[in-house]
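Feature annotations, courtesy of TrEMBL:
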TRANSMEM  30-50  transmembrane segment
TRANSMEM  62-82  transmembrane segment
TRANSMEM  102-125  transmembrane segment
TRANSMEM  137-156  transmembrane segment
TRANSMEM  247-267  transmembrane segment
TRANSMEM  287-308  transmembrane segment
TRANSMEM  328-348  transmembrane segment
TRANSMEM  368-390  transmembrane segment
TRANSMEM  494-513  transmembrane segment
TRANSMEM  525-545  transmembrane segment
Amino acid sequence: MSTELPSGPKESPPAPRPAPREVWKKGGRLLAVLLAVNVLLLACTLISGGAFNKVAVYDTDVFALLTTMLLLAMVWILFYLLGTKRCPDGVPYRDAHAGPIWLRGGLVLFGICTLVMDVFKIGYYSSFFECQSAIKILYPLTQAVFVIVQTYFLWVSAKDCVHTHLDLTRCGLMLTLTTNLAIWMAAVVDESVHQAHSHSSSHSNTSHTRLALDRDSTVGGDCSCNTAVCQIFQQGYFYLYPFNIEYSLFASTMLYVMWKNVGRLLASSTPGHSHAPAPVSLFRETFFAGPVLGLILFVVGLAVFIIYEVQVSGERGRTQQALVTYYSFNIVCLGLMTLVSLSGSVIYRFDRRAMDQHKNPTRTLDVALLMGAALGQYAISYYSIVAVVAGTPKDLLAGLNLAHALLMITQHTFQNIFIIESLHRGPPGAESHDTPPKEPCHGLTFANLDALHTLPACPPTPRLVGPSPAGPQEAASVIVAPRSHWRRRCLKDISLFLLLCNIILWIMPAFGARPHFSNTVEVDFYGYSLWAAIVNICLPFGIFYRMHAVSSLLEVYVMS
């Protein structure tokens with residue numbers, strides 16, 4: 001006798017399995033870091049050795065290594081785009097904070113300028129192809145292809161949290177990151193040697209191309225740049241080096257965030273981060289004081305920079321006048337930036353938004369880069385302070401140099417405090433947990449008007465569609481609601497002002513302003529060799545700090 005069991009409800013299909021956790025994440029990261037360190041040390045050894053006349057390392061050796069690294073990085077990027085990214089569970093999560101649009105836009109801009117630089121390099125080396133090694137034309141051509149491939153890769157994949165081929169992905173990202181750092185170092189060394197030769201030797205054709213001509217064992221005496229087209233190509237790619245340097249650093253930061261996100265598990269909705277990103281619209285909801293003052297300083301700074309470049313190479317009197325003008329503008333600009341940054345920090349003392357304590361690799365990297373890159377300018381400033389205080393004579397130029405160095409330290413400090421605190425603030429709708437609950441928008445009273453900007457449900461401006469307010473409370477909100485956003489408007493003005501000032505302070509040193517050598521106080525005190533080494537090592541970090549501060553301030557503007 002058999003009994004038939006009653007049929008129950010049909011079983012629902014099994015839920016999709018979450019991505020498996022890694023057994024030991026640090027093992028894959030350690031392998032990738034060891035690979036990156038060894039490759040980077042090899043590249044640094046060859047690049048630094050190729051910068052000295054007495055070392056038997058030629059520029060062809062450096063170009064051969066960099067070309068090999070570029071090709072390997074491109075092979076891995078193509079494998080990622082065609083293989084790893086197309087796996088069914090390859091990219092189950094995407095980090096909303098990684099690769100913001102302004103960072104990717106800056107990467108594209110610097111990438112286009114790098115492509116122009118590579119075209120200039122190809123044209124320059126092709127001018128005397130008969131006495132050059134083929135690797136000198138192959139390297140810029142390979143770099144141009146690499147820039148195109150990498151820019152597309154970072155544009156579409158910067159937010160990926162990869163869960164397939166974990167160790168291979170980590171090693172590939174570190175190899176690509178190391179390649180960008182090696183290109184950055186080669187550009188910095190080449191530009192620094194170019195600046196040193198321009199200062200210490202007469203203006204000759206061979207004095208501008210230390211890594212391009214002097215060290216090649218196959219070059220004969222008739223290999224020189226004599227034509228007008230060749231000299232245009234030569235000067236053009238040196239002026240475009242700053243964009244190549246910034247492109248490499250931007251790409252390195254984005255690759256590092258991708259490396260940190262490999263194997264990372266993200267919830268579908270993280271508390272405090274479910275808000276939709278606000279559209280980027282400059283000069284929106286500002287008092288216009290910050291943008292207008294920033295634009296004025298930007299235009300004046302461009303004029304000062306042009307005057308400085310024209311006068312600094314002339315006679316002694318004109319050089320001193322150019323230095324006085326340069327230092328005076330920088331003192332005024334740095335002083336205003338210090339006061340504005342301090343004002344922003346004071347405004348945050350009255351802000352009731354909660355601090356964002358969630359894990360965010362992008363923000364952690366931004367803070368580390370701001371603090372680390374500022375050390376370069378700190379070092380130059382402290383060396384200048386010691387030289388001015390301990391040296392002689394004490395004249396107007398020395399006083400301006402001392403004030404400039406002190407204000408540079410102060411401005412970096414207060415700007416870092418403002419930016420870091422801004423990046424750790426929650427969005428305009430996040431309130432602190434110790435803040436008492438607010439009444440709904442339709443029940444607004446004068447007691448909670450100063451916290452109106454923390455209520456996400458309240459409109460930024462009152463609605464005046466109806467014939468008349470419904471009652472005295474709504475009438476109160478109609479009258480004073482615009483005043484409740486004064487903190488937000490002030491923060492937007494501050495961020496835009498600082499953004500424009502950082503851009504002009506990036507343009508000046510990036511495009512050749514070197515008062516460190518035109519002003520003889522430090523050169524006489526430390527000697528040219530030591531002072532040139534200090535400036536050439538530390539100044540690239542100061543230049544990168546300005547552009548990275550621009551990226552961070554744009555994020556502060558959007559989140560204010």
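Here the Cβ of each residue, glycine as well, is placed from N, Cα and C on the backbone.
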Six or more residues beyond either end and a Cβ under 8 Å away: which residues meet both conditions relative to the transmembrane segment (494-513)?
195, 239, 242, 245-246, 282-283, 286, 289-291, 293-295, 297-298, 301-302, 305, 308-309, 326, 330, 333, 336-337, 340-341, 343-344, 347, 415, 418, 422, 539, 542-543, 546-547, 549-550, 553-554, 556-557, 560
Residues of the same chain, at least six outside the transmembrane segment (62-82), with any C-beta under 8 angstroms of its C-beta?
39, 42-43, 46-47, 50, 133, 135-136, 138-139, 142-143, 145-146, 149-150, 153, 156-157, 169, 172, 175-176, 178-179, 182-183, 186, 211
By a Cβ-Cβ criterion of under 8 Å, what residues six or more beyond either terminus of the transmembrane segment (102-125) are in contact with it?
132, 136-137, 140-141, 143-144, 147-148, 151, 154-155, 158, 212, 225, 229-230, 233-234, 236-237, 240-241, 243-244, 246-247, 250-251, 253-254, 280, 547, 551, 554-555
Need a quick answer: max count of Cβ pairs under 8 Å to the transmembrane segment (247-267), which of 137-156, 368-390, 525-545 is it?
137-156
The transmembrane segment (525-545): which same-chain residues, six or more beyond its ends, come within Cβ distance under 8 Å?
188, 192, 195-196, 200, 242, 245-246, 249, 369-370, 372-377, 379-380, 383, 386-387, 390-391, 412, 506, 509-510, 514, 516-517
Are there residues at least six beyond either end of the transmembrane segment (137-156) with Cβ under 8 Å to its Cβ atoms? List them, or say none.
63, 66-67, 70-71, 73-74, 77-78, 80-81, 99, 104, 107-108, 111, 114-115, 117-119, 121-122, 125-126, 129, 176, 179, 183, 247, 251, 254-255
